[in-house]
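See structure below.
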Amino acid sequence: MTLDAARLTADLIRCASVTPADDGALDVLERVLSQAGFSCTRVDRGGICNLFARWGDKGHARSFGFNGHTDVVPVGDAAAWTVAPFGAEEKDGFLYGRGATDMKSGVAAFVAAAVDLVTTTPPEGAVIVTITGDEEGDALDGTKALLDYMAASGERMSVCLVGEPTCPDRMGEMIKIGRRGSMTAWFTVTGVQGHSAYPHRAKNPLPAMARLMDRLASHGLDQGTDHFDPSTLAVVTIDTGNTATNVIPAQCRGAVNIRFNDLHSGASLTGWMQGEADRVAEEFGVAVEMKVKISGESFLTPPGELSDLVAAAVEAETGVTPVLSTSGGTSDARFVKDHCPVVEFGLVGRTMHQVDERVEIAQIHQLKAIYGRILRDFFA
């Protein structure tokens, strides 16, 4: 059985699965996988649709896993598109539509490669496919739910490949072997409102906020590591909601976003920021409240057997030697890393989340070939 990955991508694009909606995307995959002999289970939780599929024996010591998502971001202004966002139109060698790059093509390429493998040369082992509809959203009931189901059901993956688009410009140029952690901290500084002509009768929260933001932003977190760039902290907002120039506001709010490497944890950075907030509160005689959300901790899959396997397949199919990287934002690999070794590889992500998102059709077939080689080499 040979499955056309580009056609499957088009079928998925026609599902308007704007997160958290599914619009039949997982039904498309379940039908294809079931016909190839995969045991499929819906792992829906919290209104989110998820699919777990396994070919082969449960708990097999040699189990290759794949993780991806079928939910997509909103299309924005549909009138700005030159094609229907969910029409899966082909034009000049490209397939257009929301999710074409991120990441319905990656899901389709792996499913097609896996179906070809198990129906033509069944391996000694198991192939596991985990697909969520909650990667672009809050990511609370997506891959987390799938991993919870696996733990409770005795399912396991020896290794996992996440099919996010990892290549910035050229097919095959980059494999992700880790990701930086991400966290956001919100600060509220409370003083005493007053007339700007009588500042001694007020307690202005703005100088305190400015001092706090300066202390945080001017502090070099680290110099990076062998596999990670230096951690970064960005001031993303400072706001009082005050439009009156003769009023000293009572409150000021600010926020920072930190992308951190494995020299830090969310807890260690929270402790550092709380210490800075306490010092500023004491210096200015104001109250400083901090709230934190840790979206994900940093992680690294050290270069070795898994990254070598993927890199060899990429080079064999593209002629490009991939760089092992930890750059970019977060992905669901941050959850998978607690289950098994994980790396990420997919196609060029230049148009993801953009108007007229599109994927080169030849790249879909090339990605299927890469995934197929990875699977064959893993089970060899």
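Using N, Cα and C of the backbone, Cβ positions are placed for all residues, glycine too.
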| message | Looking at Zn(2+) 1 binding as recorded in Swiss-Prot, which candidate out of His69, His200 goes with Asp102, Glu164? | response | His69
| Which of these, His353, His365, does Swiss-Prot say binds Zn(2+) 2 at the same site as Asp102, Glu136? | His353
| When you measure from the Cβ of His353 (Zn(2+) 2 binding site), how many other Cβ atoms are you left with inside 10 Å? | 16
| field | Cα-to-Cα gap, Glu136 (Zn(2+) 2 binding site) vs His69 (Zn(2+) 1 binding site), nearest whole Å | value | 8
| Once Asp102, Glu136, His353 are set aside, which residues in the chain still have Cβ within 8 Å of the Cβ centroid of the Zn(2+) 2 site? | Val72, Val73, Gly99, Met103, Met352
